[in-house]
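Asker: What TrEMBL shows for this protein is this:
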type: ACT_SITE; residues: His279; note: active site, proton acceptor
type: BINDING; residues: Tyr74, Tyr183, Arg218, His279, Arg282; note: glyoxylate binding site
type: BINDING; residues: Pro129, Ala130, Ala131, Gln181, Thr209, Lys255, Ser277, Asp313, Gly314, Gly315, Val316, Arg317, Gly336, Arg337; note: FMN binding site
type: DOMAIN; residues: 48-386; note: domain 'FMN hydroxy acid dehydrogenase'
type: SIGNAL; residues: 1-20; note: signal peptide
Amino acid sequence: MYFSSVATVLLPALIASVDATRPFLNEPDTAAFEQYGTINQGDVDSLPDVNDIIGLQDFEYVARGYMNISSYTYYRAGAAGEWSYRNNLEAYSRMHFRPRTMIDINNIESTFNTTILGHNFSAPFFIAPAAIAGYGNETGEVGLTRGAAQGGILYCNAQFSTRSQADVQAARAEGQVLFHQLYTNIDIEGATQQIREAEENNFQAILLTIDSPADANRQRALRFGVGSADSSYTAFTWDYYQQLRNLTDLPVILKGIQTWEDAVIAANLGAPAIYLSNHGARQLDGSPSPFEVALEIHENAPWVFEKVEVLADGGVRYGSDVLKLLALGVKAVGMGRPFMFANVYGEAGVARAIEIMKKEIAMDAGNVGVANLQQINSSVLNFKNYNRAWGL
């Protein structure tokens, strides 16, 4: 009885103290501290060599020490209690693989090439739009653009950026494909201006962000002065989407689909592509992870994956996460925060992050028994034992 009483009192206190000393506890213990030591804010000399970075989580560890707390918080913060942020990360672990053996996987890396809306890329993942890249590195979006060019993947430029569209255009490599993000909280005149600027700077597609019709309750961000407490709402509708499509010959991708029903509507309207996303769990706590949305489409309207190209982002940190989305039918997978943290190193960090992900995808695909990434399908996933319980 005495032990039970003491445990009842002490265990919550112990947990609270640990949580208080590590307020950003959101990744597994990969011994980053033991490997890299203390990273001092703004001290370039304290950064480990970029080639010593092992995984995407290590970039976040480095960025958390190097960036000032408000800038890091702007990238890291989720909505409200950040349950959806954690769920984005954890959803993949609830789906297990069904690894097949005795398969020749020697040529797996030669099957990475993919297309997005007819454009060729070296791998089925891309840099998702994320705002204010200049918080991590003064090169801002230029570092992301050049790093993407090195790795041969797509970069999607954010509407709210620290560098202009013209700067991004000037930094692009010859033949490099870039997409541009557009929000729905501007009127048709403002949208027209943004689209014309994107056309003038040779962006090849518009990502229309539809998952943020109202402002977000980002309490962590507000505490550090990098969140908004204002109320703003949009009147964006399917008809308005059609109006925007009529403004340009560029494909307009719907970014922020969160239910299979909306995926069906978009497909039936002839959307060139849809993008599953909950805005990095920054808008609505309780929103589903994009993996859960992809699973919902797979169960209720699998034909959508054949009719339109489906992109997705949210919580992707490992090559195995990418494989699980591809297995459900997703064409290419976006990552936002990991590349923003990698951009602390500028172009070199972005290129290193791409290299890491390619290596992980190859290793994980081989261990699953996938010899050709172009042929991955849902047979590699164990639906029978899928744990639908939402994370804590």
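Note that Cβ sites are derived from N, Cα and C of the backbone, with glycine treated the same way.
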Asker: So what sits near Ala131 (FMN binding site) in its own chain, CB-to-CB under 8 Å and at least six residues off in sequence?
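Answerer: Ala158, Gln159, Phe160, Ser161 - these are the non-local Cβ neighbours of Ala131 (FMN binding site), listed in sequence order.
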Asker: How far apart, in angstrom, are the most distant Cα atoms among the FMN-binding residues Pro129, Ala130, Ala131, Gln181, Thr209, Lys255, Ser277, Asp313, Gly314, Gly315, Val316, Arg317, Gly336, Arg337?
Answerer: 22
Asker: Suppose we draw a 10 Å sphere around the Cβ of Val316 (FMN binding site). How many other Cβ atoms does it contain, all chains included?
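Answerer: The answer is 27.
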Asker: Taking the Cα atoms as reference points, how far is Val316 (FMN binding site) from His279 (active site, proton acceptor) in Å?
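Answerer: The separation of the Cα atoms works out to 13 Å.
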Asker: Please work out the mean pLDDT for the residues of the domain 'FMN hydroxy acid dehydrogenase' (48-386).
Answerer: 94
Asker: Roughly how many Å lie between the Cα atoms of Tyr183 (glyoxylate binding site) and Thr209 (FMN binding site), rounded to a whole value?
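Answerer: The separation of the Cα atoms works out to 5 Å.
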Asker: Nearest to Gly336 (FMN binding site) by Cα, among Tyr74, Arg218, His279, Arg282 (recorded positions)?
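Answerer: Going through Tyr74, Arg218, His279, Arg282 one by one, the closest to Gly336 (FMN binding site) is His279.
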Asker: Determine the C-alpha span of the glyoxylate site listed in the record, that is the greatest distance between any two of Tyr74, Tyr183, Arg218, His279, Arg282, in Å to the nearest whole number.
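Answerer: Between the most distant Cα atoms of the glyoxylate site, 18 Å.
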Asker: How many Å separate the Cα atoms of Tyr74 (glyoxylate binding site) and Thr209 (FMN binding site)?
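Answerer: It is 19 Å, counting Cα to Cα.
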Asker: Out of Arg218, His279, Arg282, which has the highest number of nearby Cβ atoms, where nearby means within 10 Å of its Cβ, if these are the recorded positions?
Answerer: Arg282
